[in-house]
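Remarks on the structure that follows.
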Amino acid sequence: MSSNRGAHEGGGVGSETHTTYGTNLISNRNGAEEENQVEEAELKYGASHVIHLFVPVSLCMALVVFTMNTVTFYSQNNGRHLLYTPFVKETDSIVEKGLMSLGNALIMLLVVVFMTVLLIVFYKYKFYRVIHGWLIVSSCLLLFLFTTIYVQEVMKSFDISPSAVLVLFGLANYGVVGMMCIHWKGPLLLQQFYLITMSALMALVFIKYLPEWTVWFVLFVISVWDLVAVLTPKGPLRYLVETAQERNEPIFPALIYSSGVIYPYVLVTAVENPGESREPREPREQPTDTEGKFQLAVPSTSTGFAPAPDTGAKRAKVKRVAQKVQIETQSTSQGEGSGGNHELIRRYCVANSAKPTKYFDLNDLIKTVNITYKTGKEMDQITTVESKYVDVNNVPDTKGTVVTLSGSPGTHNDFKYMKSLFEEKNIRMICTNYPGSEFVTGGFHNSYTNEDRNSYMKSLMETLHLQKVNRLIIMGHSRGGENALQLTSQLSDSSSWPLVGAVMINSPGFAPHKGISKRMGTINFIISLIKQHNNTINAILHPILHWFYNNVIGLRVSHGKVAAAAILPMQTFAFDQQKQSIDDLRQKPRIRVFYGYGSKDFLIDEHQSNEVAMYFAKDNHFVITDKTAAEKASQEVRKSFNAGRKFATANFTKEGHFLQKTYPQFIVEVVDSMFEADTSKK
């Protein structure tokens, strides 16, 4: 999580901290030792980067050579030529051929220079839409028109005659996926594949339509131009890079090839006032490959990106922090104002030496049980599933038991950060999974409405004999928060359930949130396809949904079937009906509820969460900005529950959709205070 830290975390007044992910960790060093290590990192990066570029260049050349040797279309000269190569006269004179080829090459160079300068002008004045449109049109021509011609000629050469429908379907999918990967989001390897094939297609077009000698002259003049454009102080491409650095913006992916070292952002540097940070999305259950990527700040003497000499005005420090580098600039001059220029520090970091995050989960604690419950519109159908769950601290004389309900998608591992904390508090935690998860076998097609989900969870808790525990709290995250509220309301009607409270984490509001409101039509269409239960449809739809969840939304799912199951409950939110459950709990003196949310939740609008919080308790609401504020708030929540208050809410202003990961200590303290309040009442 990237953030600007305050004084309590070492920032202090007059300092500014910038955080980047996936970089090598460089500790504070001084003098020659620091400079030597930076130079060593630069050399390692340079060598690694060159090796990374060998692969795509070799693949592009191999594809061109293979095509030239197998497809005669690109090796035949039919007398046509490009508009900007007018000198195509047939002659046996070497001098004349050379002069005509040089003339063609210079004309092409002028075209390239003009287009490059035009691009720089557009970028300088922030005509981003014009640039995007330009690149999109170019990509469309390559991915659809040129690819269609290429496929047609390849099939002719190999005497392949598939159906027209199959070819059109394949080309359409190829083009659409390519446009998504290049201009939107997609796996890095897939983006690399498209960029390589597009480069090969352009090379084949030049080979076919350029005179033979002109090709070599064009290679030479373009190579010289690249050196001038990149290395000279006023070179246009250098200017583009430096401008992107100054604005802290990514360079358009269609313009560059990402070798895996810097993706999707080509250049990231420490700049003043970086703006708001963005929350991490779903905590990944598998080690991510961020250790395989790092960000690079290109030195530039013309813009001050090179390290400044040690004048005593500022002292730059690089703090060692797990999985990230913090670059802090701190003013030590009394005469320098707060608005003075901050020193910009570059670090070339080698990703292979970065320490990986230690991954853990709760899968070693999994237990299995068969659950039979009622489903269907009339709740008259019987469904049996094999369900896996985790039972932590199942020992005698605990303070109470917490049952966790995950979101959609979600698993028992969403609450893994609370395990040791609940054990310290002597609280039992049971982490469940809903049908549709990879940890539940069966119930995929008929367990997605609130009635189905609540019936399943009630049967699971009955099977685990939770009616016999001393105290019980139901905790839900995201989609599961709504079910936690409803179950607490329903089960607390019976004295046989020892319910004392509910905890709702990042739960939805009273109206469709931004994660689904603008996509409801698409969601309904996808759900209609899922409900067809057609193997052919599933074979196409599941991989798309799997990719979309993992790479676009950022929520990890194990495979396409789980992704499809996660979409089904999106159609059955209670939304405004949650008010009925809240009003019902107001009448039950033993029940307490905590509702927590993050201002930077990428799925649920802050104003909608505020609305729910105010409906619960306007005068017992806490605004939490950091760990210190969280500690104070947890003490106040404990006091309020002990004083007889029923509801407490909290807004974590710098957090996103996973409070159980970023603030597990606070949530455990809230649960412990609910058990304490119930004990003192008795």
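Residue numbers in this text run from 1 along the chain shown.
Using N, Cα and C of the backbone, Cβ positions are placed for all residues, glycine too.
The feature region 'Disordered' is assigned by TrEMBL to 1-33 (among others).
Summarising the annotation, TrEMBL assigns compositional bias 'Polar residues' to 16-30.
With a cut-off of 8 Å between Cβ atoms, the residues of this chain six or more beyond the transmembrane segment (53-74) that come close are 150, 153-154, 156-158, 192, 195-197, 199-200, 203-204, 207-208, 257, 259. Annotation comment: TrEMBL describes 53-74 (among others) as transmembrane segment.
TrEMBL lists 105-123 (among others) with the feature transmembrane segment.
Taken from TrEMBL, the feature transmembrane segment covers 130-151 (among others).
The transmembrane segment feature in TrEMBL is assigned to 163-182 (among others).
Feature annotation from TrEMBL assigns transmembrane segment to 213-231 (among others).
Annotated region 'Disordered' per TrEMBL: 273-295 (among others), in sequence order.
For 275-292, the entry in TrEMBL reads compositional bias 'Basic and acidic residues'.
Contact check: the transmembrane segment (105-123) against the transmembrane segment (163-182) gives fewer than three Cβ pairs closer than 8 Å, residues 6 or more apart, which falls short of the contact criterion. Long-range contacts of the transmembrane segment (130-151) within the same chain: residues 67, 119, 122-123, 167, 171, 174-175, 178-179, 182-183, 194, 197-198, 201-202, 204-205, 252, 254-255, each at least 6 residues beyond the stretch ends and with a Cβ under 8 Å from a Cβ of the stretch.
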